[in-house]
Amino acid sequence: MSTVIKVEGLSVSFATPRGELKAVRDVSIELQEGESLGVVGESGSGKTVLSRSIMGLLPSTATRTGKITFQGEVISELPKDKVRDLWGTGMAMVFQDPMTALNPVRRIGDQLTESLTVRLGMSKKDAKVRAIELLERVRIPDPKSMMRKFPYQLSGGMRQRIMIAIAVSCKPEMLFADEPTTALDVTVQAQVLELISELRKEFNMAMILVTHDLGVVAGHTDKIAVMYAGDVVEYAPTRELFSNMKMPYTEALLKSIPRLETPTGTRLPVIEGRLPDPTKNEPGCPFANRCAYVTDKCRAEKPPLTDGGNGHFYRCWFPIGGAK
Amino acid sequence: MTTTTVTTVPTTKSARKRPIGFYIASTWLGLMVFLAVFGPFLPLPTWNEAQFEFLGAGPFSAPGHLLGTTNDGYDMLSGLVNGARISIFVSVVSVTIGGLIGGVIGISSAYYRGKFDSVVQMVFNIMLSIPNLVLSLALISSFAADTDEQTATVARRMTVLIFSLTIVIVPIVGRIARGSALQWSNREFVLASKSMGTPNLVIIRKHILPNVAPAMLAIAFLAVGSVIIVEGSLALLGVGIPGGASWGSMLATGRNYLEFSPHEVYMPALAIAFTVISTNYFGDYVRNHLDKRESKI
């Protein structure tokens, strides 16, 4: 197994009228071939920015620092057009909303064959054959007639399958899935996730799955990074994380998922309060104001990322179950 | 006896009834384009050959001259047909060239943004701040004027006229294209295509252009109308195409004989008015009806 991607000390900030907005702070992750990482956090915690910044898909207002190594090559220092050569064939992304990620005025076939002809240099005829195979692979019924349809004729789940087919069309080594099921109906979410996992295994892709749903990542990832206010606050293998949760924030996130066994009428626990202002640099743990176990130390000093053994890292002074 | 009730479900095509104005406008424009293309092959008197037996004959009064003759003995109908040829040629050519240049500049400045975009916007604003009649007048009088040494030929006048009208069209279409492309460039499907490594030019051609085209087409129709008017105004000012060739030039000649043969003025004036109203109507129609697919979702 070889390392596909290695991110060291990645920080991303945006210049805004209210000052510098720190969206991602000093994040380090590493993924092996075929391995998958779930990035979990609430809205505004920086998970989308993290995945887009690794790929290099950020708007020009963003500044990125840190080192990103993709298949042994440092890509964080490469000029834009060199990075662009990696997109599609090296790394690809499945976007959150399939309603807006397909061009409304072009046929599915044209959009699907675009990267095949442009990036892989296939002939139109070969690309069409390959596109039909891909549609079959993502379980689209009647792929031949699908090629001639427009996006508005399809349901959300079908469009997301097509987005997935486009993303894997050039056989990338690395797939970013940015909340691929958020915009979909609950009944098709499971199918789409299952499909992504299958394709990941088939093409031996490394994957970063961004979501706000801990339940989603549980069955489809090898590792989990929990993000809060731009920081990775807990980073552990999936099994280890669920069996030995250290971070109060992760615990609160898990508690706020509705469960079948709770009696009807029970109020769903919520995490009170809001994320801290990302343009301000306040001392202390960013979660302090919302934490159930907060102490004076938490408000005064920001905890470092601590190694808890078993590949388990957490950012807390008083982890659940005590320090090692 | 059983009666079968047949409920007719109107298909989208037959259910969509077009307004009467659409048919009138398209018939008129179709007729003008037909005359412009096939005018020389129609059995009409030569437009620039005077018939001295009929001077200033009114419509339907002289045999062989359906719409009468001018005060100088030229046939009105063939003059109008030739005018359609010139007016439509001048406006279509200048709008096509201007639209292409404006479209390319507008779309690329919206897509690439940055300094290039600021410069383009500044240039467009400067160009738009010059009244187009003044600009055309200045260009024609400096490059295709009648002087003592030379008389401006029809070809030379026409070239300079088309050139100056093109300059007028570029920022008009350019700004519309930029505004529309700006909105489409920020859409997620552009980012999605980019994330597959598609080159910028392919993205512009395949993803942005098809979405911007309806807006550009609509403004192009409106522009054809205004170019015909500008050309007419220039002719009235005495710098049009010489020899009474275009509708505007016919007006300019005819106003000298307003009291003897008023049809010499109102006929080209009506031709201009109908054509401009039709292109405007068509432009509105295109804008309302071509950009529908997304609103259906």
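Every residue gets a Cβ built from N, Cα and C, even glycine.
Annotated domain 'ABC transmembrane type-1' per TrEMBL: B:84-283, in sequence order.
Residues annotated as transmembrane segment in TrEMBL: B:20-42 (among others). Sequence-distant contacts of the transmembrane segment (B:20-42) (same chain, six or more residues past either end, CB-CB distance under 8 Å): 78, 81-82, 84-85, 88-89, 274-275, 277-279, 281-282, 285.
Positions annotated as transmembrane segment by TrEMBL: B:86-111 (among others). Packing against the transmembrane segment (B:86-111) from elsewhere in the chain are residues 32-33, 36, 117, 120-121, 158, 161-163, 165-182, 185, 200, 203-204, 208-209, 212, 216, 219-220, 223-224, 227-228, 231-232, 241, 245-248, 272, 275: each is 6 or more residues past its ends and has a CB under 8 Å from a CB in it.
The feature transmembrane segment is assigned by TrEMBL to B:123-145 (among others).
Annotated transmembrane segment per TrEMBL: B:157-177 (among others), in sequence order.
Feature annotation from TrEMBL assigns transmembrane segment to B:215-245 (among others).
The transmembrane segment annotation in TrEMBL covers B:265-283 (among others). Away from its own ends, the transmembrane segment (B:265-283) comes close to residues 21-22, 24-26, 28-29, 32, 59, 67, 76, 79-80, 83-84, 87-88, 218-222, 224-226, 228-229, 232, 247-248, 250-251, 254-255, 258 of its chain (Cβ-Cβ under 8 Å, at least six residues beyond either end).
For the transmembrane segment (B:215-245), the list of distant contacts is 48, 74, 79, 82-83, 86-87, 90-92, 94-96, 98-99, 103, 132-133, 136-137, 140-141, 144-145, 151-152, 154, 157-158, 161, 165, 168-169, 172-173, 176-177, 180, 251-253, 255, 272, 275-277, 279-280, 282-284, 286-287, 290-291: same-chain residues at least six beyond its ends, Cβ to Cβ under 8 Å.
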